[in-house]
Each structure stands twice: as C-alpha cells, then as structure tokens.
C-alpha cells in the first residue's frame, strides 16, 4: 500500500489540474463569447447586416475564385481553338524585358492640393492602368511620374509590387528632368495641335482629376513655365456627342496607339469609350503624319474647339 499511495495521490493531482484547466478554458471561452455578444449588441442593425454580408463573402471567396480561374481557362482554350491571337499572359509579361523607345510620356503629379482624397485614389488607379498599357504595348515608351510625393506616394507604396513597376518615379518637376526644348505639355486649351510624336521629346500629361472644375490650369502653368504645349487633334478627326473629357490613362493609351499605328483616327477610335458617341468627321482634311504643331494636348480634357479647315 505504501508503494501505491504516491501513485494514487499523483494521479489525483493530475485530475485536479485537468479539471482546473478545463474550468479556466470554459471560463475563457465564455468570456470571449460574452465579449462577442456584447460587441454585437453595440453594433447597429445596419452594421450587423454588413458584417453578415462580409462573413458570407469571405466564406465563399475561395470557391468563387476557383470557378473564375476555370472560366478563364475555358475561355482561353476556346479562343485558341478558334485561332484567336491572345495577348501575353501575366507570367510572360513578367519575363519580358521592355525595350522602350526614346519617347517619354510623363504624368505630372503636382496637383495634389487641387484634389480630394478620392480623386487622388482615382489618379493612382489611372497611373496603374498606364503601366499595364505600356507593359503590353509592342511600342512602349519611357514612363515617368514627376512630382512624386505626398498622399499619392503613401498610397502607391502600400500597393503590392509597386516598387517593381517599370516606372521612373521622380520627386522633381518635369522641367527639372528634361530640357525645355524637348518638353511638350498636353493641354486642351492650347492653340497648337500635336501631329506626331518625336524621338527625344517628353510629352507631359497633367495628373489632375478635377471633374472639369480646374479647366485651363495645366495650360496656364505650362505657359508660366515657358514650355511648349499642344492639344491632341481630336476635333480634326472625330465628332463627339458627349463632353470631350479624357482621363490620364486614355490620353496615355492614345499616344501609344499612335506611336504604334501612325494613325490618329485609328488611335482615337480604339481608345475613346463608345459611350461618348464618337463619329468620323467626314469634312476634315486629315493628316496622318507630321510634326508637333508647336505643342501638345491633354489635361484630362480634350479640346472643345471644333475648328474646320476651309
């Protein structure tokens, strides 16, 4: 008996310890449950509905993404069987070494003080889209973002892989990066018209999302700095039923398309959204090539002038 008693007492101690641990776990779980219930009670009905929707979305997200991947694969297989030429995959794009031309397209981001936070986020998305367009283009240009800083910089630095993008992020202004004789600022209010893109030139797009509230600002600043400016020849080639306003990425893509095709009309119709009701201008004397008519266009807005040659 004396040999067995220590074993029995030890076993009893272990049982007591397990019971204590179980009770503490139960208490912990009950406290956690009570805190969750208390938190739920403090939420409004609207917040509770949003929380339920979020939980449901997260629950089915893996399955939804799996179905989307299968759909994309099936669509790709079908296109290949029909002989459709597909764009390069993301994997191939990452492996591709870009060989940009000597033409620079610059997004001037010196307008942060004129934009709300929401507009700055929209500008960041447009800059992202410009990168994707340039990445896929058979004739990529040198892509530069000038006056890089402030809230926009904070947003971009939090984006996954942004530091690996083939973009030249420059804190200095565009006129400190290029000589004045090689700068053409795209402005809707310019009296000059862009007719072609020249090697060695830097074409500046005003990074301003203002919903037309700051009309003429880019042109005004370009004139003050004494740099060349011009507008895209949209009014010479097409008529538009809606407002002639283009986003930064639209202008960027038009320049790339023209660089590739050397045809303004084709570039405009391949980029300008159909909702704008663009139609061919039948009575215009079109020139598919030439030189920068003293300066360039854009500003997130396209010239509203509808001059016709006699």
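Note that Cβ sites are derived from N, Cα and C of the backbone, with glycine treated the same way.
According to TrEMBL, the features are:
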ACT_SITE  210  active site, proton acceptor
BINDING   186, 206, 218, 232  S-adenosyl-L-methionine binding site
COMPBIAS  21-42  compositional bias 'Basic and acidic residues'
COMPBIAS  53-71  compositional bias 'Basic and acidic residues'
DOMAIN    89-279  domain 'SAM-dependent MTase TRM10-type'
REGION    21-82  region 'Disordered'
### Query
In the same chain, who gets a Cβ under 8 Å from the compositional bias 'Basic and acidic residues' (53-71) while lying at least 6 residues past its ends?
none
### Task
State which of the following binding-site residues has the fewest other Cβ atoms within 10 Å around its Cβ: 186, 218, 232.
232
### Query
Do you know offhand how many angstrom separate residue 218 (S-adenosyl-L-methionine binding site) and residue 210 (active site, proton acceptor) by C-alpha?
12
### Task
Let me know the largest Cα to Cα distance in Å among the S-adenosyl-L-methionine-binding residues 186, 206, 218, 232, as an integer.
14
### Query
Reported as an integer number of Å, what is the Cα distance between residue 186 (S-adenosyl-L-methionine binding site) and residue 210 (active site, proton acceptor)?
16
#### Entry: Inter-residue Cα distance where the pair is residue 210 (active site, proton acceptor) and residue 232 (S-adenosyl-L-methionine binding site), in Å
19
### Query
How many other Cβ atoms sit within 10 Å of the Cβ of residue 206 (S-adenosyl-L-methionine binding site)?
27
### Task
Could you tally the C-beta atoms, other than its own, that fall within 10 angstroms of the C-beta of residue 210 (active site, proton acceptor)?
18
